[in-house]
Amino acid sequence: MEGWRGAWYVPCLASLETLQELCRKENLTCKSIGITNRSLKSYEVEYLCDYKVEEGKAYYLVKWKGWPESSNTWEPRKHLNCPLLIQNFLRDKNEYLSRGRGGKAMKLRNHVKTLKPAIADYVVKKAKQRIALQRWKEELNRKKNHKAMILVENTVDLEGPPLDFYYINEYKPAPGINVLNGITTGCECADCPAEKCCPKEAGFILAYNKRKKLKIQPGLPIYECNSYCRCGPDCPNRIVQKGTPYSLCIFRTNNGRGWGVKTLQKIKTNSFVMEYVGEVITSEEAERRGQFYDNQGNTYLFDLDYDSDEFTVDAARYGNVSHFVNHSCDPNLQVFNVFIDNLDLRLPRIALFSTRTIKAGEELTFDYQMKGSIDLTSDSAEGLSPSKKSIRTVCKCGAMCCRGYLN
């Protein structure tokens, strides 16, 4: 169109590999996605799809990175310089075979010259899952705003990343809701906590001791120094606002509870672990969404009821690592209300602190029936929702003191 100098920019939902495949299929170049005349015919093994033996030689069916599956080729073992991918292929193959024998290891016999289609299909699905989970891990670590790492692990089934979940670091308010409201000044302390530090101004004691560990009882609020305070980032009253200090792993549970979260580092008692974030909506909107979630069997509604029940946090689509934390009747995390750059008692931030020492590799859990939480279920709901009080959802936490039901 003559005279038109504007342009429309539409985000592309296709992966980089898909775009590369299309370019190679149509013999097109595109520097922005790495397809040049030189790289148009380059080959890199993405994963191995199948195996066979011909005339005493082993061959692997190769999926080439950035090429469509129609371009897969059989290559002799000696031509492949990808030991890790071969190792993954053999492990996945043996895993499939061992499942057929109740977990006992089993290897292909020497005279077997081809894989059964079911085995090859499983190996390909595992390879695609591994790639998808790696991409998800990279995405999570790009979006997080804390230094600690987020890992992803699934050694249980073929489930990949959740399709409708978006990582955020702080509350995502619905239109008309202001989650940054009420702060115009901060403390004048040169060395917190002083006599007029933020907690004392609010009528409460400092929440942390000299080792930056929680010293208050559950139910009491935490008032941290804010962006208007004179103190610097090393202030002992700035804990929650710095984000989780621990590397965590989102993992697939082996007892039907869906995804869970475990710590990769030892966590001492009364330490801050993570915030619970999501969309901040009105309780009326939460009621409406809750009816919809009931039909799906999953809901992540968390009532902000410190002062009133006017607002709710919905972490179903938008959230952070806490979205994947499971319930336990004997939890190792406790909920606390936190106020930093917002003193509106209707809109506290939700922080999870350790109730005891948590070993590296241990799953993190909190009690969904703690004060302040409602209608919180994960994949363990199995098609039910606690908001339907006439239907009881079986609890799978496995604790000695398990109440038997989530609601």
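Each Cβ is built from the backbone N, Cα and C atoms, and glycine gets one as well.
Summarising the annotation, TrEMBL assigns domain 'Chromo' to 43-101. The feature domain 'Pre-SET' is assigned by TrEMBL to 185-243. The Zn(2+) 2 binding site annotation in TrEMBL covers Cys187, Cys198, Cys225, Cys229. Summarising the annotation, TrEMBL assigns Zn(2+) 3 binding site to Cys192, Cys225, Cys231, Cys235. Look at TrEMBL and you will find 246-369 tagged as domain 'SET'. Residues or ranges marked as S-adenosyl-L-methionine binding site in TrEMBL: Arg257, Gly258, Trp259, Asn326, His327, Tyr368, Lys396. Here TrEMBL flags Cys329, Cys395, Cys397, Cys402 as Zn(2+) 4 binding site. What TrEMBL records for 391-407 is domain 'Post-SET'.
Each residue in Cys187, Cys189, Pro193, Cys197, Cys198, Cys229, Arg230, Gly232, Pro236, Asn237, Arg238 lies on the same chain as Cys192, Cys225, Cys231, Cys235 and has a C-beta within 8 Å of the C-beta centroid of that Zn(2+) 3 site, without being one of the site residues.
Looking only at the binding-site residues Cys235, Arg257, Trp259, the one with its C-alpha closest to Cys329 (Zn(2+) 4 binding site) is Arg257. If you draw a 10 Å sphere around the CB of Cys395 (Zn(2+) 4 binding site), it holds 19 other CB atoms from the protein chains shown.
In this structure the C-alpha atoms belonging to Arg257 (S-adenosyl-L-methionine binding site) and Cys395 (Zn(2+) 4 binding site) are separated by 9 Å. Residue pair Cys395 (Zn(2+) 4 binding site) / Gly258 (S-adenosyl-L-methionine binding site) shows a Cα separation of 13 Å. Rounded to the nearest whole angstrom, the C-alpha distance between Lys396 (S-adenosyl-L-methionine binding site) and Cys231 (Zn(2+) 3 binding site) is 45. Taking the binding-site residues Cys198, Cys229, Cys231, Cys397 in turn and counting surrounding C-beta atoms within 10 angstroms, the largest count is reached at Cys198.
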